[in-house]
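A.B. asks: Okay, these came from Swiss-Prot:
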type: DOMAIN; residues: 218-253; note: domain 'EF-hand 1'
type: MOD_RES; residues: Arg455; note: asymmetric dimethylarginine
type: REGION; residues: 68-106; note: region 'Disordered'
type: REGION; residues: 99-110; note: region 'Polybasic region'
type: REGION; residues: 126-129; note: region 'K/R-ring'
type: REGION; residues: 259-263; note: region 'K/R-ring'
type: REGION; residues: 455-465; note: region 'C-helix region'
type: TRANSIT; residues: 1-33; note: transit peptide
Amino acid sequence: MFRLNSLSALAELAVGSRWYHGGSQPIQIRRRLMMVAFLGASAVTASTGLLWKRAHAESPPCVDNLKSDIGDKGKNKDEGDVCNHEKKTADLAPHPEEKKKKRSGFRDRKVMEYENRIRAYSTPDKIFRYFATLKVINEPGEAEVFMTPEDFVRSITPNEKQPEHLGLDQYIIKRFDGKKISQEREKFADEGSIFYTLGECGLISFSDYIFLTTVLSTPQRNFEIAFKMFDLNGDGEVDMEEFEQVQSIIRSQTSMGMRHRDRPTTGNTLKSGLCSALTTYFFGADLKGKLTIKNFLEFQRKLQHDVLKLEFERHDPVDGRITERQFGGMLLAYSGVQSKKLTAMQRQLKKHFKEGKGLTFQEVENFFTFLKNINDVDTALSFYHMAGASLDKVTMQQVARTVAKVELSDHVCDVVFALFDCDGNGELSNKEFVSIMKQRLMRGLEKPKDMGFTRLMQAMWKCAQETAWDFALPKQ
């Protein structure tokens, strides 16, 4: 279809060109024809390329072909097939000898590239349906899809491959049994975790998924301003209705919120707060409690802590420590750095720490607390740079104590400088460091979830409107 449209457009341009060169039309018409020809060719080329990429990103059959083994092609994926649940669960549990991460093959890399495109460009509905792994069927026979906390972290972490035989609308089926499910709560979330408060087993519904991504992608300062705007009586508290307004406004400013559309056919619609376990958590069982900004920011801090803990545990720490290379991978996960440069940075890290002692979760958490104040850190580092002081490890530790009130260990600073000390002179490349760390802090959730085609066409139309009048006027 794109080829036919392109050929027809080029044919019309050729006819117009012959008419333009063969006649003696006024100068104004010729200039308009030149402008139309240029814009038409640019639009056809851009739309063909971008829509072709879009088709690849949105096409579900691709991953089915990639993730299906030859021997499994005849398997029945019926949603009511509960008999194979134990077998699927056993397949998903890693064996002790398989804990060491294998090197990704060609097929795995292609699957991860496809999943990264889903994370980057798909709607929240499709992302949720792809990375969720559980479908719970209640007693009346109605089914609802849920994410586990591990599924949630995987849905926002690049290059984390979905388990085999689970993908878009492919789930592990569970029959609802209140007693049995309450006994399985510890399988999904530790007691004291934010996820433990999310209803049954710490499972995440679609409404909770949208809310949690909104909390993770919104700076603390934005919530403080929103709470003050809707705190009409000035007592520092908001009720449930006011919180719904705060939540709706904040969500509409995020990339997830802007891309979401209710899909009744898939069951993924944003429900009101009355149905959310989070609303019960904030306002009590009778929903008549009050929520303060202090309590909400504490919830945000705990959520960030729990997500970071899950990321840490995914690396299978040995004696409570992960390797320096794994920590570097956590820092660069959302960087968007080109693959060649990323590989070079990881090799440099491996060269410096062939037999490193590793990092504890406390060291990792202290560094990410430091990153939460990255804007203030950027200002402080700029002051040091303008004053002519070198940005060495001692300076970074001083900035961490002053700005974030945390202590960075010497070993953490060694790892960071091994990544971002490009010329090996012991000084930090602060511009690249701050840029990558800002993306890491937001986990890529602030990026627009589109191919940029609409923005391109709007820019071209605006440019055409501004320049058309100049082309139409004859030169004096």
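Counting begins at 1 with the first residue displayed.
The backbone N, Cα and C atoms fix where each Cβ goes, glycine too.
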A.B. asks: If I take every residue in the domain 'EF-hand 1' (218-253) and average their pLDDT values, what number comes out?
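C.D. replies: Across the residues of the domain 'EF-hand 1' (218-253) the model's pLDDT averages 82 on the 0 to 100 scale.
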A.B. asks: Using DSSP, tally how many residues of the domain 'EF-hand 1' (218-253) sit in helix, strand and coil.
C.D. replies: 24 helix, 2 strand, 10 coil
A.B. asks: Which residue counts does DSSP yield for the region 'K/R-ring' (126-129) in the helix, strand and coil classes, in that order?
C.D. replies: 4 helix, 0 strand, 0 coil
